[in-house]
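Annotated features in Swiss-Prot:
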ACT_SITE  ASP91  active site
ACT_SITE  ASP274  active site
DISULFID  CYS104-CYS109  disulfide bond
DISULFID  CYS265-CYS269  disulfide bond
DISULFID  CYS308-CYS341  disulfide bond
DOMAIN    73-382  domain 'Peptidase A1'
MOD_RES   SER127  phosphoserine
SIGNAL    1-15  signal peptide
Amino acid sequence: MKWLLLLSLVVLSECLVKVPLVRKKSLRQNLIKNGKLKDFLKTHKHNPASKYFPEAAALIGDEPLENYLDTEYFGTIGIGTPAQDFTVIFDTGSSNLWVPSVYCSSLACSDHNQFNPDDSSTFEATSQELSITYGTGSMTGILGYDTVQVGGISDTNQIFGLSETEPGSFLYYAPFDGILGLAYPSISASGATPVFDNLWDQGLVSQDLFSVYLSSNDDSGSVVLLGGIDSSYYTGSLNWVPVSVEGYWQITLDSITMDGETIACSGGCQAIVDTGTSLLTGPTSAIANIQSDIGASENSDGEMVISCSSIDSLPDIVFTINGVQYPLSPSAYILQDDDSCTSGFEGMDVPTSSGELWILGDVFIRQYYTVFDRANNKVGLAPVA
């Protein structure tokens, strides 16, 4: 019996795919460093709302890459045989996998890893085209099948996009090569099977769920666990929240309060839990009020800055979800970078039938270990350890 138990534990551990994430300077920070942010903001209106609920044709998805402006967490995957490595965003707010290819002549591709099908013995071409639109242009490419190495296992026969054009020279400064989407297949452009679905269908993960831990302090230590939960990353028990709409990881918020007073979402509202969005975003009017309450003001770079000395005096902002309170302290919702501090809130307006929509991005996820349960269509949350 003891040996059977040990064997079962070994089998489960082999079906838990652990993908380390590293924290790097964001695209925004790289643009500031290179004196390019003002030019970027002039030519690319940063609109986080355009990522969600796009109007799309059958072969067109709308996934604005400007919305990854502040993303800081990235993982490495390999594609092909032998594997060609790529740095990607593990994004619960989209569903496609795509990387640059050697067919791409855009400046944006020139400083990134590019997939070469000729160097892979397992690549299978298709005649399908992919176009992911955003801003003033679109990422165009083709779809193909190959083996994807993720967390030490081989995801065979995985469909993915190979970019041929990537508009906007700003992507030259992006700290990532491509995107690995972890949302539901219903929002996948071209009907492409997402990576996690393919892993589950092949029996490569032991549970139909995955979880995310984002470290607040270290460049390393963050992780995506495909197929399992690691209780060492959180304290107490997981609280489960039903997914309200299966597409994005969308849930219902009860309210948002400060000092016991409701400041937003007074009658309940919808929220998307999105690892591919760095900040906490909500309706522009509600966010404007919050920025005023915490003393944030816009600087010449379009950032909402705040005095770092305010961190010790400001109150928590509390998100109540499914009857459970999830407080964010000022040190969580105010972002410190050297001697400067910026607000972790950003305004957006998304026209949805469900009304007010919020995005719980990395500012929230850093404080709460998050489980994305596909089997039961639930999101699990617990304070990080």
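Glycine too: its Cβ is placed from the backbone N, Cα and C atoms.
Note that the structure is predicted; figures quoted are calculated from it, not measured.
When secondary structure is read from DSSP and collapsed to three states, SER127 (phosphoserine) falls in the strand class. When the alpha carbons of CYS265 (disulfide bond) and CYS104 (disulfide bond) are compared, the span between them is 44 angstrom. Checking each of the recorded positions ASP91, CYS104, CYS109, SER127, CYS308 against ASP274 (active site) by C-alpha distance, the shortest gap belongs to ASP91.
CYS308 (disulfide bond) and CYS109 (disulfide bond) are 37 Å apart (CA-CA, integer value). A distance of 54 Å separates the Cα atom of CYS308 (disulfide bond) from that of SER127 (phosphoserine). In terms of local Cβ density within 10 Å, CYS109 ranks first among the disulfide-bonded residues CYS109, CYS341. Distances between the Cα of CYS104 (disulfide bond) and those of the recorded positions ASP91, SER127, CYS341 are shortest for SER127. Local packing around the Cβ, expressed as the count of other Cβ atoms within 10 angstroms, is greatest for ASP274 among the recorded positions CYS104, CYS265, CYS269, ASP274. In this structure the C-alpha atoms belonging to ASP91 (active site) and CYS341 (disulfide bond) are separated by 26 Å.
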